[in-house]
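Presented below is the structure to which this report refers.
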Amino acid sequence: MSLILFIEQILNGVQFGVMLFLMAAGLTLIFGVMGLINLAHGSLYMIGAFAAASVAGLTGSFGLALIASLAAAAAAGALIELTVIRRLYDRDHLDQVLATFALILIFSEGTRWAFGSFPLFLEIPPYLSGPVTLPGGIEYPLYRLAIIGVGLLVAAGLFALIARTRIGIQIRAGESDREMIAALGINISALYTTVFALGAALAGLAGALIGAIQSVQVGMGEPVLILAFVVIVIGGIGSIKGALVGALLVGLTDTLGRVLLPAVFSQFMAPQAASSVGASLASMSIYILMAGVLVMRPSGLFGKA
Amino acid sequence: MRREPLLNATVFLGLLAVPLWAWAVDEPFTITLATRVAILALAGVGLNLALGLGGLVSLGHAVFFGIGGYAMGILASHAQSYSALIEWPVLIEGTKSMPVIWLVAMGASGLAALAIGALSLRTSGVYFIMITLAFGQMFYYFAIGWPAYGGEDGLSIYVRNGFPGLNTLDPIQFFAICYVILGLALWVFSRLACSAFGLALGAARQNAERVMAVGIAPYRLRLVAFTLSGVITGLAGALFADLNRFVSPVMFSWQTSGEIMVFVILGGVARLFGPVIGAVVFIFLEHMLGGLSEYWHIYLGAVLLVVVLFARGGIIGLVAGRERRHD
C-alpha cells in the first residue's frame, strides 16, 4: 500500500472520529451531569440532518442549513427534556432506556410520515467541494478536511466552555454533587435543559455535516448512536477528554481496519476469501478494541473507577 | 396479589383457546399469530431471567435470538442442499430434525452468552447496557458481512423442519410444540425464581454488597443467569426462524433487542407472566394499529411512553397491583 493512500485513510479515520466525538460529547455530558442514558440521541442527529436538508433545499444556502440543524436539534432536545426526559432523572436505567426507545419510535416514524421513506440529499456547497492538495502531494476532499476543522474547533470550544465559563463551572459542579449546587441557588432544572439542548445541538450539527456525505434518511442515527456508545465506553462515561480520545481511536480503528485487514489476509489467502474474511473482521474490529479496553480498565480509559 | 395467578391462568388458557378456536373455524392466520406470541413470549422469558430476576439490563439479547435463528438456518440449509457443514476433522452434516437443531441453538447461544456475559458483567449500570448493545451490533454486522450464509439477504428454508411423530407444516401442530416449550420455560422460570439460586440472584440485584458479605459471589450468579437467559432466548430464535422459514441479520438488530425488552416491560418486569402478556399485547397492537395506519410505531411509542412514565410495573402491575416490597 502506498504511503499516500495510507495518509488519506488516516485522515478519513480522523474525520470519522471527529464526527463521533460530536455525538459522544453530548451523550457523555448528559450522562455525566444528569445520570441519564439517552438512546434518542441518534434521533436528534437525524433531526439535524433533516432540518439541514430541507433548509438547504428551500434556500440553497449551506450556512443557513447548518444553523437550522443546530436550532432544530436544540429545540427538539429542549422539548423532549421538558416533556419526557425530566421525569426520568430519578428513575432507574431500565426506565430511561425504554422511554428513550419509545422516543426513537416516535421520532423515526414521525419523520417517515413527514418526509417519506426516500432519502433526501444535501449538496456540498461549491466553495467546499473538490479536492485540495496537501503538503506532500496528497489530494484530499476539501469538505472532509473542513469537517475535521469544524469538529476540532467545536471540541476546543467545548473544552473552553467547560473549563472557563460560568456555565462550565455549574456543569462540573453538577457532575460531582447535584443536591449541593441546587442548595447553592443554581436553577438546576434550567441547567439540565441547557445541557440537554447543548448535547442535542452537537448531535444535530454532526447529522447535518455527515448528511452531505451520506444520504439523509430515517434510521441514519442509530448506527452512529451505537458507535458513540462504544466511544464513551472506551473513553469512560462522563469524561469529555475520554470521548475525544475514544472517538479518534474508534474512527481510526474502523477506517484503517477496513483497508488494512483485507490486505493482511491476502498475503496468505485467496483474494476473494481474504476480502470477505477481512471485511467481516474489520466490521468487528472496534468491538474487539472495546472488549480489550474493558478487560484492562472496566470503567474506560478516563473513567472514574 | 391474589389477582395475579388468576390473570396468569386466564392468559395462558386464552393463548391456548384462541388458536383452538381458529383451528375449528379454519383460520390458519390466527394460529400463526398465536404461534408468534408464544415464541416471542419465550424470548421474553429468557430476557426476564436476566432482567427481572438478575437486574441485568441487557440491550443485546438479539444476539442469542439471532444465533438460535442462524443455528436453524445453517443446519437446515446444509440439509437442504445435501452438503456437509464441516468435512474435516469430523464430518458434520446438516439436519432437518427440530430437536437436534434446538440443542445446537441452545448450546451455541449459551456459549455466546457465557463469553459476552464474562466480559460485560465486569461492568455494571450504564456500561452494561451499552456494552451488550455494542456486542449485539457486532454480531449484526458480522452476519451482514459473512457471505457464506446469505449475508444481508438472509437464508430461506423451503420446508419447515420435522419433529418426530408430528406434522410441523400443520399450523396447529407447530403451535402445540411452541406452546409446550413456552409452558416448560415458564415452569423452569418459576422454579428458578424460588430456588436458592434465584433468591441469591434477587438479593444480588437488591444489594450486591450484602450478598458478598455472606460469602456469595454476585459475578458468578449473574453469569449463570445471563447464560441461562441466553439459552432460552436462543431456543426462541430457532423456533422463530422455523415459523418464518427464513433467517436474516434483522434477527440480530438492536431493534429486535429493544422489542424483546418491550415485551417484558409492557407485561411487567420480573413477573412470571410479564413477557407472555407483553407479547400478547404487542402482537395485538401490531395487528390492530398496523391495520389503522402504516405508521403504527408512533402509537406503539406513545403507549410505551405512557406505560413507562405512568404505569410502573407494567400491565400486571396495573391489574394485580404493585409487587409487595420485601425489604
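Using the three backbone atoms N, Cα and C, a Cβ is placed for every residue, glycine included.
Pulled from TrEMBL, these are the features on record:
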TRANSMEM  A:16-37  transmembrane segment
TRANSMEM  A:44-60  transmembrane segment
TRANSMEM  A:66-85  transmembrane segment
TRANSMEM  A:97-122  transmembrane segment
TRANSMEM  A:142-163  transmembrane segment
TRANSMEM  A:184-213  transmembrane segment
TRANSMEM  A:225-252  transmembrane segment
TRANSMEM  A:273-296  transmembrane segment
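Outside the transmembrane segment (A:16-37) by six or more residues, the chain places 44-45, 85, 88-89, 93, 96-97, 100, 147-148, 150-152, 154-155, 158, 171, 174-175, 191-192, 195-196, 198-200, 202-203, 205-206, 209-210, 224-225, 227-229, 231-232, 235, 237-240, 242-244, 246-252, 254-255 with a CB less than 8 A from a CB of the stretch. Using a Cβ-Cβ cut-off under 8 Å and counting only residues 6 or more beyond its ends in the same chain, the transmembrane segment (A:184-213) has close neighbours at 19, 22-23, 25-27, 29-30, 33-34, 38, 41-42, 44-53, 62, 65-66, 68-78, 81-82, 85-86, 89, 120, 122-124, 143-144, 147, 150, 154, 158, 167, 170-171, 173-174, 178, 220-221, 224. With a threshold of 8 Å between CB atoms, the same-chain residues lying at least 6 positions outside the transmembrane segment (A:44-60) that come near it are 23, 26, 66, 68-73, 76-77, 107-108, 111, 115, 120-123, 199-201, 203-208, 210-211, 216, 218-221, 224-225. Per-stretch counts of Cβ pairs under 8 Å to the transmembrane segment (A:142-163) identify A:225-252 as the leading one among A:66-85, A:97-122, A:225-252, A:273-296. Within the same chain, the transmembrane segment (A:97-122) packs against the transmembrane segment (A:66-85): three or more Cβ pairs sit under 8 Å, each pair at least 6 residues apart. Sequence-distant contacts of the transmembrane segment (A:225-252), counting only residues of its own chain at least 6 positions beyond either end whose CB sits under 8 Å from a CB of the stretch, comprise 10, 13-21, 23-25, 27-29, 31-32, 39, 41-42, 45, 155, 158-159, 162, 175, 286-287, 289-290, 293-294, 299-304.
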